[in-house]
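Below: one structure, written as structure tokens.
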Amino acid sequence: MAAVETRVCETDGCSSEAKLQCPTCIKLGIQGSYFCSQECFKGSWATHKLLHKKAKDEKAKREVSSWTVEGDINTDPWAGYRYTGKLRPHYPLMPTRPVPSYIQRPDYADHPLGMSESEQALKGTSQIKLLSSEDIEGMRLVCRLAREVLDIAAGLIKPGVTTEEIDHAVHLACIARNCYPSPLNYYNFPKSCCTSVNEVICHGIPDRRPLQEGDIVNVDITLYRNGYHGDLNETFFVGDVDEGARKLVQTTYECLMQAIDAVKPGVRYRELGNIIQKHAQANGFSVVRSYCGHGIHKLFHTAPNVPHYSKNKAVGVMKAGHVFTIEPMICEGGWQDETWPDGWTAVTRDGKRSAQFEHTLLVTDTGCEILTRRLDSAQPHFMSQF
């Protein structure tokens, strides 16, 4: 850290004289960022690093005028970035959509950095919340509504439709149900759902690229209602797809359901990864390691951490009243990933396709309840696309 003139430390609760400044902030032109010691700087890092992300995002926006575009769409907004596959972003993104003030909002909705202070307060803990009967009813409601919204998105998927159009429909469907779309502004995510096409593993940002015949696309939906989040996703075929896509999507769904079949009190969370990886590898696929399932209720992401790969070190044993997601991401090639310069879009490093399915689950006395299950059918949407 660089030495600076005498100032007061910016760590919450510290009024010591500050002699150091964050070197990254200096490079990015961020004013302030003074600390009294390395210890204070490290203690503030979880919050402070979000300033770096915001500054980089704003810099990228300022560079829009220098883009080379086809018509009004730019498919190469990050000069010099080497894409791992054929997919390209279609920028600029449409403006962030507003949520009416009468809809209850999570704590991060209006935070300038999209930070959830309630999640940060529990970061690092492995204690898993046991939900009360009131909590469980709240989760049942929001998960049912989230399922309704995903089913609406499913009906839109066909060649020529953009993921931006899907996001718009999702946003309106959330509002119509008096729900907040949980992804919106979560650590500054700019849209109301995630749409992940082909080599995108997860957290794809909806844009103006039309879906193409032969694509696969995952739509990830989370709603917030009465203080609770409900989370699910499915992968869909776009028109006719090749046999490799069919096998990948079918196997990914089987990985999820085999893991769900094992959920009951007394099972260690780390066992789920063994089940998922065994089935994926038996079919010639790999399991993403960077992204995991998670606890969910009044917090969007919390304990337990639920890895999908084998021999993981996840902490915790299932008990009746736990609620969490399982959401395996399965790849045609290697499991290694990287992230686009937008800071969100996770893609396979080798450019091969990835698929995902997710449910939110309640552990019961004898097994589990799939809170995000379809009510009109026992099977996911892709099975009706065969």
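Even glycines carry a Cβ here, placed using N, Cα and C.
The Cβ of CYS9 (Zn(2+) 1 binding site) has 20 neighbouring Cβ atoms from other residues within 10 Å, across all protein chains displayed. According to Swiss-Prot, the Zn(2+) 1 binding site annotation covers CYS9, CYS14, CYS36, CYS40, on the basis of sequence analysis.
With a 10 A radius on its CB, GLU358 (Zn(2+) 3 binding site) counts 24 other CB atoms from all the protein chains. Positions annotated as Zn(2+) 3 binding site by Swiss-Prot, on the basis of sequence analysis: ASP220, ASP231, GLU358.
Taking all protein chains in view, 26 other C-beta atoms sit within 10 angstroms of the C-beta of GLU327 (Zn(2+) 4 binding site). Look at Swiss-Prot and you will find ASP231, HIS294, GLU327, GLU358 tagged as Zn(2+) 4 binding site.
The N-acetylalanine annotation in Swiss-Prot covers ALA2, and the record cites similarity to another entry as its basis.
The zinc finger annotation in Swiss-Prot covers 6-59 and rests on sequence analysis.
In three-state terms derived from DSSP, ASP220 (Zn(2+) 3 binding site) belongs to an extended strand segment. Using a 10 Å Cα-Cα cut-off from GLU327 (Zn(2+) 4 binding site), the binding-site residues that qualify among CYS9, CYS36, CYS40, GLU358 are GLU358. Comparing the binding-site residues CYS14, CYS36, CYS40 on other C-beta atoms within 10 angstroms of each C-beta gives the minimum for CYS14. Ranking the binding-site residues ASP220, ASP231, HIS294, GLU358 by Cα distance from CYS14 (Zn(2+) 1 binding site) puts HIS294 first.
Rounded to the nearest whole angstrom, the C-alpha distance between ASP231 (Zn(2+) 3 binding site) and CYS40 (Zn(2+) 1 binding site) is 36.
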